[in-house]
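Annotated in TrEMBL:
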DOMAIN    11-228  domain 'Cytidylate kinase'
BINDING   Gly15, Pro16, Ser17, Gly18, Thr19, Gly20, Lys21, Ser22, Ser23  ATP binding site
Amino acid sequence: METAAPSAVIVAIDGPSGTGKSSTSKAVAAKLGLRYLDTGAQYRAITWWMISNGVDTDDAQAVAIAAGKPSIVSGTDPAAPTITVDGLDAAGPIRTQEVTSKVSAVSAVPEVRTLITELQRSIAAEAAREADGIVVEGRDIGTTVLPDADLKVFLTASAEARAARRSGELRGKEAADLAATKAALIKRDAADSGRKTSPLAKAGDAVEVDTTELTLDQVIECVVTLVEEKRAGRK
Ligand SMILES: Nc1ncnc2c1ncn2[C@@H]1O[C@H](COP(=O)(O)OP(=O)(O)OP(=O)(O)O)[C@@H](O)[C@H]1O
Ligand SMILES: Nc1ccn([C@H]2C[C@H](O)[C@@H](COP(=O)(O)O)O2)c(=O)n1
C-alpha cells in the first residue's frame, strides 16, 4: 500500500500573478529540503502545445478534445525545476508573451483542469512517499488540488507593486511600460478569478500574507516559520 512518510509536509502556496509565489516557493523548498512544483508552468506547457499544434486556444471544445494528447513532465528539484512537453524542454517557450496571453483561456477549460489536477496530485503524493514533502504553487492548490495540505498560504500584493516587480524583470530587454504591465496582470487575474472551474481563490484555512511592503527574503522567512510551526505542532 502507498503511504506518505510520517514527517512529510505538503505546502500549498496560491495567489495572483506577481505576488512572489514562484520565488518564495522555490526558496522555501530549497531551505527545508522539500520538492517544488510550479503548476502555472504546467498550464503554460499545455498552452504552448496547443499553439504549436494549431489548436485555436479560444475554441474550448477544440482545446478539450486535444487536452489529453501532450505528455507533460515536471522536474521538482527546487534548485533546477524543469518542464518538458513530449520530451522537449519547454522552459523557454512557455514564458513568451503569446503563451502568457493565451494561458488563461486554456486553463479555464474543465477537461484541461481535470488532467492537470490529476498530474499535480500524483506528483504531490510521490513527494510525500519518497521525499520529505513538497511546496506546490498556483491558483487553486489550497482550494481544489490539495485541500488537505498541511499548510496553505495565500500571497497578495498591490497591483502597483506587482507591476513594478514584473517591469524590473524586463528592464534592459523590452523596457516594459509600467501601465501596460499593470493592465495585463489585472486582466489575467480577472480571467483566472472569474472562470467557473476552480478559480483563483483563497482557501478558507489559508494564511494570507500581503507582500507589498515586504522584501522577498522577509516573505521566505515568514513562510519557513509557518512550515516549521506546523511541523512542531505535529510532534
Ligand atoms: N517581496 C518581493 N519584493 C520584491 N520583489 C519580489 C518580491 N517577491 C517576488 N519578487 C519579484 O517579483 C517578480 C515576480 O515574482 P514571482 O515570479 O515569484 O511571482 P509569481 O507570483 O510566481 O508570478 P506568476 O504567478 O505570474 O508566475 C520576480 O522578479 C521576483 O524576484
Ligand atoms: N494552479 C494554477 C496555476 C496556474 N494557472 C493558470 C492561470 C495563470 O494565469 C497561468 C500561468 O500561471 P503563472 O505561470 O503565471 O503562475 O496558469 C491555473 O489556472 N491554476
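Just so it is clear, glycine is given a Cβ too, placed from its N, Cα and C backbone atoms.
Just so you know, TrEMBL annotations are computer predictions that nobody has curated.
Across the domain 'Cytidylate kinase' (11-228), the prediction's mean pLDDT works out to 95. Ligand 2 lies under 6 Å from the Cβ of none of the binding-site residues Gly15, Thr19, Ser23. Under the three-state DSSP scheme, Lys21 (ATP binding site) falls in the helix class. Residues near Gly15 (ATP binding site) in space but far in sequence (CB under 8 A, at least 6 apart, same chain), listed by position: Lys21, Arg139, Phe154, Leu155, Thr156, Leu200. Ranking the binding-site residues Ser17, Thr19 by the number of CB atoms within 10 A of their own CB puts Thr19 at the top. Note: Ser23 (ATP binding site) has non-local neighbours Leu216, Ile220, i.e. same-chain residues 6+ apart with C-beta under 8 A of its own C-beta. Within 10 Å of the C-beta of Lys21 (ATP binding site) there are 26 other C-beta atoms, taking all protein chains into account.
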